[in-house]
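A.B. asks: Feature table excerpt (Swiss-Prot):
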type     : residues                                              : note
DOMAIN   : 2-109                                                 : domain 'HIT'
BINDING  : HIS8, ASN27, GLN83, GLY89, GLN90, THR91, VAL92, HIS98 : substrate binding site
MOTIF    : 94-98                                                 : motif 'Histidine triad motif'
ACT_SITE : HIS96                                                 : active site, tele-AMP-histidine intermediate
SITE     : TYR114                                                : site 'Important for induction of apoptosis'
MOD_RES  : TYR114                                                : phosphotyrosine
MOD_RES  : TYR147                                                : phosphotyrosine
Amino acid sequence: MSFRFGQHLIKPSVVFLKTELSFALVNRKPVVPGHVLVCPLRPVERFRDLHPDEVADLFQVTQRVGTVVEKHFQGTSITFSMQDGPEAGQTVKHVHVHVLPRKAGDFPRNDNIYDELQKHDREEEDSPAFWRSEKEMAAEAEALRVYFQA
């Protein structure tokens, strides 16, 4: 079973958490180590179009995932980011939250991370030549999946 993420089909091997309404996956081109995404299962383009139960689940999952990636990647803080609409920088037409574990000094200026996120999915940089291997992504997902097993 594949997961739909906007125009992309996501293989289960890169998904490390699934709930009734949301899923979390590793990023093919992370801005920092541990940069992952949390998405609603239903392919909804804009945040305003999510149902209340989807909003609740999305943010509960985001909170859980943030705690795990901060610990796993030895972060000391987390940046959560959502671009909602094209003028906000959204390139995949599916609501998603970027979860990025942070460390002191990971960027010269703390807010540089937003510049990197802005460049993250630009067409000229979003090609397979810039992506991690499926094997590397699956290994990371497997390592994160362990934290969510009951």
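Each residue, glycine too, has its Cβ placed from N, Cα and C.
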A.B. asks: Take the motif 'Histidine triad motif' (94-98) and find every residue of the same chain, 6 or more past its ends, with a Cβ under 8 Å from one of its Cβ atoms.
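C.D. replies: Apart from its flanks, the motif 'Histidine triad motif' (94-98) reaches 4-6, 31, 35-40, 43-47, 49-50, 58-59, 62, 79-82, 84, 117.
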A.B. asks: DSSP-wise, what's the residue breakdown of the domain 'HIT' (2-109) into helix, strand and coil?
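C.D. replies: With helix first, then strand, then coil, the domain 'HIT' (2-109) has 30 helix, 31 strand, 47 coil.
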A.B. asks: When neighbour density is defined as the number of other C-beta atoms within 10 angstroms of a residue's C-beta, which of the recorded positions HIS8, HIS96, HIS98 has the lowest density?
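C.D. replies: Among the recorded positions HIS8, HIS96, HIS98, the sparsest Cβ neighbourhood within 10 Å belongs to HIS8.
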A.B. asks: Counting distance between Cα atoms, which of the binding-site residues HIS8, ASN27, GLN83, THR91 is nearest TYR114 (site 'Important for induction of apoptosis')?
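C.D. replies: Considering only the listed binding-site residues, the nearest one is GLN83.
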A.B. asks: What does DSSP assign TYR147 (phosphotyrosine), in three states?
C.D. replies: helix
A.B. asks: Reduce the DSSP letter at TYR114 (site 'Important for induction of apoptosis') to three states and note it down.
C.D. replies: helix
A.B. asks: At a 10 Å cut-off from the C-beta of GLY89 (substrate binding site), count the other C-beta atoms across all protein chains.
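C.D. replies: Other Cβ atoms found within 10 Å: 17.
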A.B. asks: Rounding to the nearest whole angstrom, report the longest C-alpha distance spanning HIS8, ASN27, GLN83, GLY89, GLN90, THR91, VAL92, HIS98, listed for substrate.
C.D. replies: 18
